[in-house]
Structures are given as C-alpha cells and as structure tokens.
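Below is one structure, written out as structure tokens; the observations come after it.
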Amino acid sequence: METDQPKTVDENTENKPQENKGLVENSLPSEPSPTLEKAEAQQENKAATKGADDADKRSGVVTKPQKKPPVSDPEAVKIQAWWRGTLVRRTLLHAALRVWIIQAWWRVKLARLQDSRRRAALENFTRKEWAAVRLQSWVRMWRIRRRYCRLLDAARIIQAYWRCHSCTSRGFIKGYYRVTANQLHLELEILLGSGPCIVTECIPLPIKQ
C-alpha cells in the first residue's frame, strides 16, 4: 500500500496542466539585476565603514591597519626589495650630499673667519710694532741731537778760545827790496805780540860773462 501511494501522487503531478506553471511563474517575484546588487552592496559597505569609524572615534580606539597578505611570488618580492633598497640608497645619497654641502660651506666660512682674524691680529701687531719703532727712532734722534748740540757747544767754546789766543799773538810782516846791478837788498819788518823784528839782507846776484 505504501509503495503504491507515491506513484499515484507522481502520476497526478505529471498530469497537471501547463497553465498552472504559467500562473506560478507569474506569481513569483522578478530577480534583481547585478548592477543594482553591486550598488546596494557598496552602499552597505560604506555605511558599515562609516559606522565603524564613528564608533572608533567616539570610543577613542585607533584601529590598526590590516596587514597585507604575504605575496607568494618571489620575483615580485625581489623587485619590491630592490626598489625599496634603491629608494633608501637614494635618500641616503641625498642626505650625504646635503651634509657634504653644509660641511663645505662651513669650512669656507670658518677659513674666511680665521683669515679675517689673522689679518686683524697682523694689522694690530704691525701698528704696535710701528709705534714702538717710531718711539725708538724719536728717542735715538733726541739722544743724537743732544750729543750733537753738546759737541757743537764745545766746538764753539774751543773756537772762541782759539780766536782769542790767535788775536793776541797775531803779527804783521812788511818790508821792501831794492835790486842793483849785482845785489838784491831786502829789508823786512815783522811785528809780533812780543815786539818788532827787523831783518835786512843783501843777496848777491850771479852775473854771466
């Protein structure tokens, strides 16, 4: 009995008219389009993310960034590592160049500062040296001039005494001569401080025959 009952049900279902199928299809709701489903899903995701962000902000909890899943491709990993190394080396090179430029500028600035200080010290030393030389020259000139004045005064005193002595001992010489046929008559009178002196002499002249 039990085995015969499902057969009768299946037979009855098979013998249903096709009109019932059309009615059932018309009564079912139409399926939504895929674009509408995507738009609705995006809106739901946005709303969910906004709600989560607002909740995090209110609660003060900072969400940690999700870690990216590891890449299984070794070639991509090598390229990424090479590119990161290139970027790091480039940044280090730029930093080293900036440091080198700053150090070069500071060395030039320090050299100029030292040069200006050395020049100022040299000028100060030359001024002091020149002032000392001028003072020494003035002192030497004053000493030499004083010595010269002393010698000049001594010479004037000696000359005055000598002139006085020569004036007291000064004499005059006067005389006359007379020439005859064979003689030269000479008579001199010398006046000295002590007294007059008269010299007379006859000089014979040689006569050729």
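Using the three backbone atoms N, Cα and C, a Cβ is placed for every residue, glycine included.
These features come from Swiss-Prot:
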type     : residues : note
COMPBIAS : 1-19     : compositional bias 'Basic and acidic residues'
DOMAIN   : 72-101   : domain 'IQ 1'
DOMAIN   : 128-157  : domain 'IQ 2'
REGION   : 1-73     : region 'Disordered'
For the domain 'IQ 1' (72-101), the mean pLDDT of the predicted model: 92
Summed over the domain 'IQ 1' (72-101), the DSSP helix, strand and coil counts are 28 helix, 0 strand, 2 coil
